[in-house]
């Protein structure tokens, strides 16, 4: 006990000497660095622990889930085989196809819409911008009853058009807001110079504004793609054919009370996450650049 007390006193005296050598500003800076790294580590654990747990469960036999271990005793790849047999690959392909279509439709509409809001002044412009922002305050579940009734009356249930159109509409507001910020940051004199050289307004948009706003366009496209890929509510209510389900709804169909194959469900979850992780890893530079440069006035 005496030895332990001596060690504690020695550590305390060492810490006091370090503090004595630091100025108040240096102490504040050191505290800020420690707090920042603590938050970073906490956030990293918050993200990685659930992912690792899903990966661990995907390699664990169902009868061993009741007694979880940090590392699986052996890799039970049969869960992945069962997931692919159930249709995981088709679900992922569906999700990728829907996300790609929604992204293309979104950019076709949001780019000219954001350009018009950036370059033109018209009556009700501020109200329209506020309305766009206001729509983001509601969860998609709010529009589900009305959308279901409308799609049913128009015969659009279990059709690609019936899903892609409302999905595109839901993702438009964020893209328009993001792209408008980029277009605002590009000086009007650059566009006027292109007009003097003989470009029409549409040509100036296509040949000058969009290339200069490439990070913003990429960021809007990536966010739209991720939203379209991971959407659950709309395909759940609009599709009745399992062959058209995206990965999120495909995982949901595995739920079955006490007989739920959780290991297989986790395997399908890992399979569904992989495309998004690959896309985000390859496009991370554009996301960071897009989010940090859109508000800088040129």
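A Cβ is built for glycine as well, from the same backbone N, Cα and C atoms used for every other residue.
Quantities reported herein were computed from a predicted structural model and do not represent experimental measurements.
TrEMBL assigns the feature transmembrane segment to residues 163-183, out of the candidate ranges 58-78, 163-183.
Using the rule of three or more Cβ pairs under 8 Å, pairs at least 6 apart in sequence, the transmembrane segment (163-183) is not in contact with the transmembrane segment (27-52).
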